[in-house]
Amino acid sequence: MALPKAFIAKYQDLLGNESGPFFEALSGPVHKGFRVNPLKESQTLVDLEKDQPIPWSRDGYFGQVLGRGIDHTTGLVYSQEPSAQFVAEVLSAQPGERVLDLAAAPGGKSTQLAAQMNGQGLLWTNEIFFGRAKILSENIERFGVANAIVSSADSRDLAEQLPAYFDRVLLDSPCSGEGMFRKDPEAITYWSEDYPRECAERSEAILENAVKMLRPGGVLVYSTCTFAPEEDEQIIAWLLDRYPEMALLPIDKVAGSGIADGRPEWADGNPDLALTARLWPQDLPGEGHFVAKLKKADDADAGKKVNVQKPSHLSAEESALLNDFLAETVPGLAFSEERLITFGDRVFLLPDNCPAFGRIKILRAGLCLGTFKKKRFEPDHALALAIHPSQVAQSFAIDDERQWTAYTHGEALSTKADLKKGFVLMTAGGNGVGWAKYVNGQLKNFYPKGLRH
Ligand SMILES: C[S@@+](CC[C@H](N)C(=O)[O-])C[C@H]1O[C@@H](n2cnc3c(N)ncnc32)[C@H](O)[C@@H]1O
């Protein structure tokens, strides 16, 4: 890997004697990791080795996930670089809280936060670029997350809509990506001496909005995947200076893991900056990361009141179609109609007390239940991935490779199983993986066309 001369000079200067092992590590092997998904009822399908837990990640292991493998397709695992798994652990979202992931695509940290929240509370996950937000939304669906709002908005517009609203905010900032040089050498081509400063300016602008959205007493985690002090300690020094209501919190650096303190001497010398965390490739089996955890003062400005999103009014026909579908197919799913919202023909179950969307572009408003078709209701793939098989009236277990291949190709399956005419939850290894419609010994395939392979 050819590193820019200016990069080498900068880190020789900053790291002194440590620079040798640092540059050596940058030309060493990349470490792969994955997380298992505790939101899924059963883990029986995971055929990846789970003998090397990542010390700083609750559900994380070293190892490589295959893109088209059943583990991945069914949302049982999420492929994520080991160091990146530390960030959401530091934020530590709790069930029932209001949590914002402000720069979230493709969704590594959001899916980890969703696992921590275990379906309770509100996870608002945002990505400014619409194309990337679509990928984020697909990953949220595959992971079986029912309580997430996925939006695509500029942080300024979000802050106007949701002032002082969240218990926890994560800004995993768009950065110069120096920590990914080893994993993704293309990142080197974007680098210049000025690039970290340019990225830092963008991060400052996003951070201002992140702080606005934090409630008094709320917790903010700021992270990057760069070594650049301009985007790491110096940004936090700037934040502490600009917002006296924000204070650094200690981070559990997991004794023996190699996670290091931040470097006050690379910013304004404030000793509190040592509370931040640095993950160096020469110290641990992962890529480069920086993490800071801060709290907003309990007596900070509480902001204006945020309204609750108004539900949609279903027509009598829509209500009847939906209620018939639920009674026949998912009798174990109970909720109040006050939580239903429609986008075109699709109906979503909002998280409890969901805040109003205003003009924010929403890609996913909680759990998509399905689509109103002419005189019928068709369940959504997201519903199959998020519900527990015990909630449905009938299910069909795919128990061999041949059936799995046929189902994910979009073929109908023949069966002698004792099923009633209507929708059937298809399961694999004990988890919902999609829908089929049973008619006369045939399971008609409802696996989404875009996912067939
Ligand atoms: C480090 S990545 C996020 C990775 C993600 N947290 C994960 O774990 O999968 C930063 C994200 O910020 C987005 N971004 C770029 N410019 C932005 C801006 N001005 N405001 C907010 N997000 C931005 C990028 O598109 C990118 O998806």
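The backbone N, Cα and C atoms fix where each Cβ goes, glycine too.
If you look up TrEMBL, you'll see CYS225 marked as active site, nucleophile. Look at CYS225 (active site, nucleophile): DSSP puts it in coil.
Here TrEMBL flags ALA103, ALA104, ALA105, PRO106, GLY107, GLY108, LYS109, GLU127, ASP154, ASP172 as S-adenosyl-L-methionine binding site. Its Cβ taken as reference, ALA103 (S-adenosyl-L-methionine binding site) is surrounded by 22 other Cβ atoms within 10 Å in the chains shown.
Across the domain 'SAM-dependent MTase RsmB/NOP-type' (1-297), the model assigns an average pLDDT of 95. Here TrEMBL flags 1-297 as domain 'SAM-dependent MTase RsmB/NOP-type'.
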Fewest other Cβ within 10 angstroms of its own Cβ, chosen from the recorded positions ALA105, CYS225: ALA105
